[in-house]
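Taken from TrEMBL as is:
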- 44-63: transmembrane segment (TRANSMEM)
- 69-88: transmembrane segment (TRANSMEM)
- 100-121: transmembrane segment (TRANSMEM)
- 127-150: transmembrane segment (TRANSMEM)
- 171-191: transmembrane segment (TRANSMEM)
- 203-222: transmembrane segment (TRANSMEM)
- 283-301: transmembrane segment (TRANSMEM)
- 335-355: transmembrane segment (TRANSMEM)
- 367-388: transmembrane segment (TRANSMEM)
- 625-644: transmembrane segment (TRANSMEM)
- 656-677: transmembrane segment (TRANSMEM)
Amino acid sequence: MGKRKELKLEIHESGKTSKSQKLCGTNYPVCISFIVVNEFCERFSYYGMKAVLTLYFINYLHWNQNLSTAVYHAFSSLCYFTPILGALIADSWLGKFKTIVYLSVVYVLGHVVKSVGAIPSVGDSTIHIALSMMGLILIAFGTGGIKPCVAAFGGDQFDEEHTNERRKFFSIFYMSINAGSLLSTVITPILRGNVQCFGGDCYALAFGVPAILMVIALVVFISGSGMYKKSPPEGNVLLDVCRCLGLAIKNRWMSSKYDSKRKHWLDWAEEKYPKRLIHEIKMVLRVLVLFIPLPMFWALFDQQGSRWTLQATRMNMAFGSAFVLKPDQMQMLNALLILMFVPIFDVVVYPLIGLCRINLTPLKKMAVGMIFAALAFGAATLVEVNVMKTVVEPAPRGQCLLQVYNLADSDVKLSIPGSNLFSQPIKSYEDPQAYQHLELGGHNKTITVGINHNGHFHECGETFTEQKAYSLVLHSKTSGIVCQLATDNILKSEKMEAYLRFINTRSEAVNVTMAGVDFYIPADYGISPNKSVERNEYTSVRCTSGSQDFSINLGLLDSGASYTVILKGGSGDIIPQKMEDVKANNVHIAWQIPQYALMTAGEVMFSIPGIEFSYSQAPANMKSLLQAGWLLTVAFGNVIVLIVAEGAGLDQWMEFLLFAGLLVAVCIIFSIMAYFYTYVDLGELDKLFPDKTVNEDEDDLKKDQTDDTT
């Protein structure tokens, strides 16, 4: 997901004349195979861990959806802030090779700590949270730190004259990213859900396998050490740019009205910094200004692993009876579709647009990509609206939810003081009506419910608590109507399971065993607790009552539903009657495909042209600076989601609509900014500054800094 945004486009020359070993008579160095395998394993490690992260927060750490979303995007944001630190370390201190090795060790430690935190027997919930957060921080520093180094280090391995081979290497490198992402988002959810350990989903294994892949990535990368060209640290242009900006601001602030005027505020740094460097910084700043609206795109894009995954948990994941997809596997669609869309857009779409004499510049493509992303969230809104029809919304403060089971021998009619709820007669053994909102006027309240049965009036007093859901179970005895108040579970299972309980109308207790779950239902209208069971067809469920064994058919217990099964019959049989309290997930997961397709089309038209634009408009020694700026747009996009998830408090469909509207507004602003942008020809730099090369300017700058230090 977002693999293109990770591909560092700056191609550094190693400065070495030694020829490296080649692959099978080609101009490809042997050592790049180690780099490509390393990248495949590292991306498998990262995306495999991230695929199950949201469900880990909800099901293992027991956080709510908003907190889980916020922490997920805080982690994603940190992963895109730390590349700046990695670039500084590589360019100014250790060099790319040592930076990759040392930070990969940090990366592995993060995975190990994260995996240990997912073992239930290791401490309590506080320890699990502490280990999980520590592991994620280490992973963020590891993956972010090596992000700006690996692709550039691969580019360093090629001889200067082999530019075509270097370009093809970056395509292979990009394919390895997508291959790792695709396989990991398929495999790790299977390890999580299909393998049971410690009595539940095996998150320790789902995090442990990515840890092993990261160890393999590190070992493979170090194995090629003797073949690599290792450029020494050359100094970081970001520091030079910051110093130049600081000096210009300082001189401009301290200038008086008698000083000569400057055409641009950066010209106040001319006393110390070369004019060429100042001109290049001006070019970069013009591009960085265009980057300001871009985080909103990433705010939408990166929700595929959070909000869209949570949406999938409330949808029907079954493809027939043989195959059931897992909600965190839907993220693989992005990697799969991008492998399809990139050649389709390059070979078919763009040439067709060119035949229509439409000049589709990189900035125009980016604006269209934003529109596609907004449409994707429009599609997600429509899906969410239909998904919510199967959800029972919790009652607000001062109210509770109530439904009535009439297990008496004839119709009953209820009367509740101050309310006209259940005013119509309720037939015997009919499926209960939808939950009704009962006004309490406070935290809890005892209410006397009047019941009219066969011309006789009965009363029962029950205490209700706000924001809970209840079933009032009525059955008849010789003395009249008896009331039982049962607390209901209305939340859908995040594990794609069904909730089930039994009411036993028989005179003997019943034991039911199904899918490894045991239910004990007391006699005489006893009610079992709600328990979750796997989605399945249960045509032969074993029951025991007294000394007798029975088999009952419950049919399909579907994902997301809550069922109440009434057990009837005499001493020689058990007759089940299944009732649905909460509807099953009846919106099929295939309805998410349009939003993934639109979002992937948006990524192809936004991310790839965005990097192309940044590369073409950046001077050679400033490409790393613009790459850092590009990665920061991803980081700030995740910060936006974090703020909205924790602060907006909107229904999910309204939140989707809000993001879509914000992106359309940002797209309009970006289009206006792009309209007034003038593309630059980097060849003009040499015409403007013919006297000195870039390297000579940098040598002068280093000499000035040395003189200052002296």
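Using N, Cα and C of the backbone, Cβ positions are placed for all residues, glycine too.
Any TrEMBL annotation is an automated prediction that lacks curation.
With a threshold of 8 Å between CB atoms, the same-chain residues lying at least 6 positions outside the transmembrane segment (171-191) that come near it are 1, 3-4, 6-7, 35-37, 39-49, 51-52, 151, 154, 202, 205-206, 209-210, 213, 326-329, 331-332, 334-336, 338-339. Between the transmembrane segment (127-150) and the listed ranges 44-63, 203-222, 283-301, 656-677, the one holding the most Cβ pairs under 8 Å is 44-63.
Remote same-chain residues near the transmembrane segment (69-88) are listed as 50, 53-54, 57, 63, 99, 103, 136-137, 139-141, 143-149, 236, 238-239, 302-303, 305-307, 310, 624, 628, 631-632, 634-639, 641-642, 645-646 (criterion: CB distance under 8 Å, separation of at least six residues from the stretch ends). The listed stretches are 44-63, 100-121, 283-301, 367-388; of these, 283-301 has the most Cβ pairs under 8 Å to the transmembrane segment (625-644). Through the fold, the transmembrane segment (100-121) approaches residues 42, 45, 49, 56, 60, 86, 89, 94, 127-132, 134-143, 145-146, 149-150, 153, 198-200, 203-204, 206-208, 210-211, 214-215, 217-218, 221-222 of its own chain, all at least 6 residues removed from its boundaries and within a Cβ separation under 8 Å. The list of residues near the transmembrane segment (44-63) in space but at least 6 beyond its ends in sequence, with Cβ under 8 angstroms from a Cβ of it, reads 1, 69, 71-72, 75-76, 107, 111, 114, 118, 125, 128-129, 132, 139, 143, 180-181, 183-185, 187-189, 192, 200-201, 203, 206-207, 209-211, 213-214, 217, 305-306, 309-310, 313, 327-329, 331, 494-495.
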